[in-house]
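J.: This is the structure I have questions about; it appears just below.
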Amino acid sequence: MSSSSSSATPPAGKTANDSSSSPPESDAKTEDEFAHLMEMFEDEVNHLQTAKNKALHKRFAGKDNNDPNYQADRLTSKVFSSAYEVLLLDPTEEHTDKEIQKQYRRLSLLVHPDKCSHPKAAEAFQVLAKALKDINDPNYNDKYKEIIPHAKKRVLKRRKKENVERMRDGKDPLDLEGEDFNNDVMNECEKILEKEKEDEEYANNTAQANEDRL
């Protein structure tokens, strides 16, 4: 009598080494753990960044902004799209008349032609005066007011993403607040305004070209 060993027959449609089987639970668990670790890592980056910014702000707050030559250069180096940017005020926040006047007085005293030796002090003083007049005008519509929240989100997202790479490379993270961050936001506002201007010009040119064909 012959004896033969028989192995279990796989179910219909399946083979013993079916490659279409779902991934093991351990793989899914590993992915979840990795995602959780990355979330914890980003939280730690943000925590360190906030602590760093507070320390830097306490040490260097207003250092450049209180320099008459720095202010004269800043105020005469570009054409400002926002009166709030001229006075170093956030257009998305509410400012009392007293706060605006105080900021204007502080900056205007720095660049006053009788006190500041910078060759463009008089020009800088006039830039401040015009900004104050614009802000006090009830019909003034600041170009940054509507787009600055969007610009902040862009810069924050970009810097957070870059900070993850910088931490991996052992580099200091970029600021998520403070003067350098705000300057980046203002630059982003300018890019948005420039893009809107280009889109408007393109639309007008296209409309004109279509009319000319008629």
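Yeah, the Cβs are placed from backbone N, Cα and C, and that goes for glycine too.
All annotation found in TrEMBL is predicted automatically rather than curated by experts.
Given the structure is predicted, the values throughout are model-derived calculations rather than measurements.
According to TrEMBL, the protein has these features:
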COMPBIAS  162-174  compositional bias 'Basic and acidic residues'
COMPBIAS  203-214  compositional bias 'Polar residues'
DOMAIN    82-148  domain 'J'
REGION    1-34  region 'Disordered'
REGION    160-181  region 'Disordered'
REGION    194-214  region 'Disordered'
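If you look at the structure here, what lies around each of the features I listed?
T.: Not one residue of the same chain 6+ positions outside the compositional bias 'Polar residues' (203-214) places its C-beta atom under 8 angstroms from a C-beta of that stretch.
For the region 'Disordered' (160-181), DSSP puts the residue distribution at 12 helix, 0 strand, 10 coil.
Broken down with DSSP, the region 'Disordered' (194-214) shows 20 helix, 0 strand, 1 coil.
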J.: If you average per-residue pLDDT over the domain 'J' (82-148), what number do you get?
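T.: 91, rounded to a whole number.
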J.: Within the domain 'J' (82-148), how many residues are helix, strand or coil going by DSSP?
T.: 40 helix, 0 strand, 27 coil
